[in-house]
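Enquirer: Right, I'll just put the structure down here and ask away after.
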């Protein structure tokens, strides 16, 4: 590994320094992220509520600062473009995470589980930044910032502070809808692809949706999200009902 191309435009990076999804480097990083996530979850539950809140705020501020620093470095490297604006799902999640850390609520909390967590996990599993070498600031930023987003939510889930509830999904869906509508038209005006509303990112499993449905990709994407939510929320509902039944039997 070399730092020679740390700030280099990916177009001039030698192919020998680029990496591929599920190559040895990617698998090692995923393992490290998994171990770090488990460690942080176990550490989080041992903290007092006050210290937990401080840790959540630390991560929230770190993510926002890192996002700003990313754009400054892209400007320095001459690679800054419109696609670097925080208008993708994970970019929006950065600010929802910040909002939750300082003012937790049902809507932003549900967003974290329903959209931020699966979005960040998908980014780590199917990265679209493989054009950068491993030792490039954009590659490091992409892996770490998505890791922070995942860790933030899993700490809340593991500690029981965040309890997913499908009844909050309508308001959360309204929130993302309010955000997505103007972004759809921004994509049309600027020829961008924020939130991948025009099509999937390279290497994403969503490519098969686009290949099959073409112009109906967006509708197919919405159906896929709703299906994913079914699998994400069904286990929680089973757990909640079992607990409620057990409590009712104990009080009977």
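Along the chain as shown, the residues are counted starting at 1.
Note that Cβ sites are derived from N, Cα and C of the backbone, with glycine treated the same way.
Below are the features listed in TrEMBL for this protein:
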TRANSMEM  20-39  transmembrane segment
TRANSMEM  59-79  transmembrane segment
TRANSMEM  85-102  transmembrane segment
TRANSMEM  111-130  transmembrane segment
TRANSMEM  142-160  transmembrane segment
TRANSMEM  172-190  transmembrane segment
TRANSMEM  210-236  transmembrane segment
Enquirer: Any contact between the transmembrane segment (142-160) and the transmembrane segment (210-236), i.e. 3 or more CB pairs below 8 Å with pairs at least 6 residues apart?
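Expert: Answer no, regions not in contact.
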Enquirer: For the transmembrane segment (20-39), which recorded stretch in the set 85-102, 111-130, 210-236 gives the largest number of Cβ pairs separated by under 8 Å?
Expert: 111-130
